[in-house]
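Trainee: Pasting the relevant annotations from Swiss-Prot:
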| type | residues | note |
| --- | --- | --- |
| BINDING | LEU20, ASN27, LYS157 | xanthine binding site |
| BINDING | ALA129, ASN130, GLY131, ALA132, ALA133 | 5-phospho-alpha-D-ribose 1-diphosphate binding site |
Amino acid sequence: METLKRKIIDEGRLLDGHILKVDNFLNHQIDVRLMNDIGQAFAERFAGTRIDKILTIEASGIAVAAIASQYFGFVPVVFGKKTQSLNLDAEAFESEVYSYTKQTSYKVRVSKRYLRPGEQVLIIDDFLANGAAASGLIDIVRQAGAEPVGVGIVIEKGFQPGRSKIEAHGIRVESLAIIQSFDDNQVHFG
């Protein structure tokens with residue numbers, strides 16, 4: 001997706017040569033017009049696939065998933081919660097996920113009321129690097145007896161093993177921008 005790549009080049013920043021900071025348009029301040037284009041792009045990529053629900057993880061995936069939902073017939077968006085909370089049902093699916101950027105593990109939880117056996121679930125997230133978050137969501141979908149029909153990623157670090165981990169589960173991955181390297185402290189797309 002060329003508009004996304006241009007935005008990454010023009011407005012993204014590299015930290016320590018390996019962390020891409022895109023908080024000014026994707027995961028702190030949100031460029032709604034770009035989000036709309038991203039939602040349309042996911043609809044094109046997954047055209048012809050029955051989608052009953054979209055699953056993401058808090059917090060950065062929520063805006064992307066919610067805007068994408070309108071292009072899939074306004075299907076419900078469910079998001080995995082990263083923290084235990086009094087307002088989360090005791091009956092929940094959970095999976096442990098390691099966060100590379102936060103350098104810690106946490107449990108992702110989804111109420112059993114929101115995922116049902118037989119549902120076809122599209123997973124959407126902002127980044128794919130090592131594949132831990134997506135793998136955790138796939139695990140949750142399968143615990144529910146639902147079917148993960150694909151993973152839609154806004155920005156993939158193609159030089160990390162996330163894609164191969166997801167594809168090893170037999171699940172299709174569609175990324176809108178694939179970064180091949182951060183050589184010379186610059187973003188290089190594949």
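Every residue number used here counts from 1 along the chain in the order it is shown.
Just so you know, glycine gets a Cβ as well, placed from its N, Cα and C.
Since the structure is predicted, the reported quantities are computational estimates derived from the model, not experimental observations.
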Trainee: Using only C-alpha positions, which one of LEU20, ASN27, LYS157 is spatially nearest ALA129 (5-phospho-alpha-D-ribose 1-diphosphate binding site)? These are the binding-site residues in the record.
Mentor: LYS157
Trainee: I'd like to know which of these binding-site residues, ASN27, ASN130, is least surrounded, judged by other CB atoms within 10 A.
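Mentor: Counting other Cβ atoms within 10 Å of each of the binding-site residues ASN27, ASN130, the minimum falls on ASN130.
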Trainee: When the number of other CB atoms within 10 A of each residue's CB is tallied over all shown chains, which of the binding-site residues LEU20, ALA129, ALA132 has the maximum?
Mentor: ALA129
Trainee: Rounding to the nearest whole angstrom, report the longest C-alpha distance spanning LEU20, ASN27, LYS157, listed for xanthine.
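Mentor: 16 Å is the greatest Cα spacing among the residues binding xanthine.
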Trainee: Using the recorded 5-phospho-alpha-D-ribose 1-diphosphate site (ALA129, ASN130, GLY131, ALA132, ALA133) as reference, state which further residues of the same chain have their Cβ within 8 Å of the centre of those residues' Cβ atoms, listed in sequence order.
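Mentor: Leaving out the recorded residues gives VAL97, TYR98, TYR100, LEU128, ALA134, SER135, GLN160, GLY162, LYS165.
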Trainee: Long-range same-chain neighbours of ALA133 (5-phospho-alpha-D-ribose 1-diphosphate binding site), Cβ under 8 Å, sequence gap at least 6?
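Mentor: Sequence-distant Cβ neighbours: ILE57, VAL97, SER99, VAL108, ASP125.
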